[in-house]
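Have a look at the structure below, then the notes.
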Amino acid sequence: MTATAPREEQLWSRCAGCASLLYRKRLRRNLDVCPECGEHARLGAPERLRQLVDPGSLRLLPDRLPEADPLDFVDVLPYPHRLTGARASTGLAEGVVCATATIGGHPVALAVMDFRFLGGSLGCAVGELITRAAERALDDRTPLVLITASGGARMQEGALSLMQMATVSQAIAALREAGLLTVSVLTDPTYGGVAASFATNTDLVLAESGARMGFAGPRVIRQITGRALPEGFQTADFLLRHGQVDMVVQRRSLRGRLMALLAATRAGRPARSPVPRQEPASHRERLADDGTVLARPTDPAAEGDAGTPAVRDAWDTVRMARHPGRPTTLDYLDSVFDGFVELHGDRLGADCPAIVGGVARLAGRHVMVIGHQKGHTTAELVARNFGMASPSGHRKALRLMRLAARLGLPVVTLVDTPGADPGVSAEEQGQAAAIAENILTLTVLPTPVLAVITGEGGSGGALALAVADRVLMLENAVYSVISPEGCAAILWPDRSAAPQAARALRLTAPDLRRLGVVDEVVSEPSTAAHDDPAETAQRLRAALLANLLPLLDVPPAMLVRLRRQRFRRFGANRVGARAGLR
Ligand SMILES: [Zn+2]
């Protein structure tokens, strides 16, 4: 960057948020975030790169392109004059700086937009440079990281600038097809054609704290609608609430977040880290770290001998499965997994709190974990809608499943839901289709899928996360086509017959193991999961590893074939005759 401002202005600058006069060096040390109010000042592309990439790793990509003024555009100034002015004031050739670098040792290609250059507008040169960065990522088989800051398409290049939305998107699609991660980081402001293309059609969308993003700007919307806009409209937090971004990140955490995401998504391909060879799961016992036999999965007929005596009454098990102290998905993410990075949003308008998901590590191996989230207190339960996913929750899960498959990450699902959200708006938003789409997608998902029924496995809402290569079930969990109360209300005189219904439904782990609906029962501590969450976590972790590792060596096409066979076998002649399980 060339700074030509007088010395006084270099020493001090005024915060746009709180108007404090700040010592320039101190501000820069704080990554241009106001120490008084937290306002994130806009960064030029060179400074942004300095903050993000490993020192010494930056290699700028060529930025000189043939001069273009395709329309001979003149407003109050001829377009070439504006370009010359922008170059002089920024020291940049164009409104984007592209490079290769490493971030925490992970090689990436980067394109960083610079709002100072004609408002970060997307012209033909900017589109071409970002496309070349994407192509470089494809050649190098590295992820692509886009840092966006733009008012939209560059008007001076007319429809040709509009075409850049398609050009760059096509390059992103090629990366997607190749299973390479694309990440965009929205910085303030990101609008118009950039927002409606590569800022949001990447695999992961992060928003820097304080960033605003939208298609139409607030002024335009106010003019057209004649109405005041909601508080915080189009801000990062607004975007998170409406399912548009995976996370909002403070600038000081951005590099660390990117490192974690790059580490997680690099794991799946192309080369896998060494995995201890294991016999196929069906040929051996599951051992805990200390050698204890956790379950003996070989023969359904021999069920009941694996530390899971089926003496507890089904209704007691139902109450156990619903116990408020029972570990939740977030508890397991803390105890069974490491390094969970939550990803948010369905990209269609919402972020369902009843479904949580993101990348995490299981014994050093990266996986995508998706689960229903309940809670331990009434307030938590209400906030999470009692673990009942809305259509947007299922769509969030779908997005994460597909992303996992593209990146070669195994999927682990943790199922704990009374069922899908039974509300009116859920119906209006296509609850049935959302569940159906997940079930279908899971039947063809070309990556290992491991499901665990950890608490309540309630009907279609549970199945939407449980079409898996291996289905495990905690000893005191239940899995059922309908709740015992619901069943009692329909088939018995009233709901007080729920205990009888619970017995009739064969919803306990040993029953379902016998029916082949679940492959393995994970025993709980002699008391119950909620009395010894740490021990439960340890057992679950061992079971997950024992079941997951053998799946990692199965080619994706074979996985899909076997998974379909697994679910094909529940035909009328097998299960229907045995237990009336529908
Ligand atoms: Zn401030």
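A Cβ is built for glycine as well, from the same backbone N, Cα and C atoms used for every other residue.
Note that this is a predicted model, so its numbers are computed, not measured.
Taken straight from TrEMBL:
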| type | residues | note |
| --- | --- | --- |
| DOMAIN | 11-280 | domain 'CoA carboxyltransferase N-terminal' |
| BINDING | CYS15, CYS18, CYS34, CYS37 | Zn(2+) binding site |
| ZN_FING | 15-37 | zinc finger |
| REGION | 268-308 | region 'Disordered' |
| COMPBIAS | 280-289 | compositional bias 'Basic and acidic residues' |
| DOMAIN | 296-550 | domain 'CoA carboxyltransferase C-terminal' |
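Each of the binding-site residues CYS34, CYS37 was assessed for Cβ neighbours inside 10 Å, and the highest tally belongs to CYS34. Neighbour density at the Cβ, taken as the number of other Cβ atoms within 10 Å, is lowest among the binding-site residues CYS15, CYS18 for CYS18. Summary of the Zn(2+) site environment: with the site residues CYS15, CYS18, CYS34, CYS37 set aside, the chain residues having Cβ atoms within 8 Å of the Cβ mean position are ALA16, GLY17, ALA19, SER20, LEU22, PRO35, GLU36, GLY38, GLU39.
Residues belonging to the domain 'CoA carboxyltransferase C-terminal' (296-550) score a mean pLDDT of 89 in the model.
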